[in-house]
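First the structure, in the form of structure tokens, and then the observations on it.
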Amino acid sequence: MKFSLFFSVFFLAVLHACLSESEIDLEDEEHFMSSDSFLSEIQDESRGKTCIERNKECTNDRHGCCRGKIFKDKCTCVKSGKTEKCVCTQKKWAKIIESYIGDIPALPKPVDDKCVPKHADCSKRKDDCCKGGIFKYQCKCYDMYDDDGEKTDLCGCVSPVEHQAIEGALRIAKKLIGDRWGR
């Protein structure tokens, strides 16, 4: 009963919002739809430009400041009399965050953009094992000896015992909860 009451009130609210549009709202939407995407216009405009470096003048192009490691620099203006001078600067909070974080390392991509499946050989790609149920599989290597006595490594993507225990406990808990509530 509560469920149907909630959705009926929600439906009426959405219906009211749809029917309460005025002609001005519709004109604004038509204007927005008639122009090309705002983002693509900005990208087309800025493709040919080079950015303005930090501590250089940006009076003529206030949105052309370069990007730091993480954040974009801002054009800060100072007015003296009738003239106004603007310089690309970095905000203090951005400077503190960038100095604390440093360079953001790019995550290494797998060789063929696919992960190594469970129990497959991962000797060459030890960090690219696929994700299991909740956790990512880990590459585990074992020492093997041939008939000649030569040592070789046998590597495979496996799930550690702790991860198996946690996933098993969650499966059992989910089943118990489902059985209790009749699902």
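Every residue, even glycine, has its Cβ placed from backbone N, Cα and C.
Of all ranges given (10-23, 164-177), Swiss-Prot attaches the label region 'Predicted alpha-helix' to 164-177. In Swiss-Prot, the cysteine linked to Cys75 by a disulfide bond, out of Cys51, Cys58, Cys66, is Cys58. Within the chain carrying the region 'Predicted alpha-helix' (164-177), a Cβ under 8 angstroms from the stretch's Cβ atoms is held by residues 132-135, all 6 or more beyond its ends. Here nothing among the disulfide-bonded residues Cys51, Cys65, Cys66, Cys75, Cys77 falls inside 10 Å of the CA of Cys122 (disulfide bond). For the pair Cys155 (disulfide bond) and Cys130 (disulfide bond), the Cα-Cα distance reads 14 Å.
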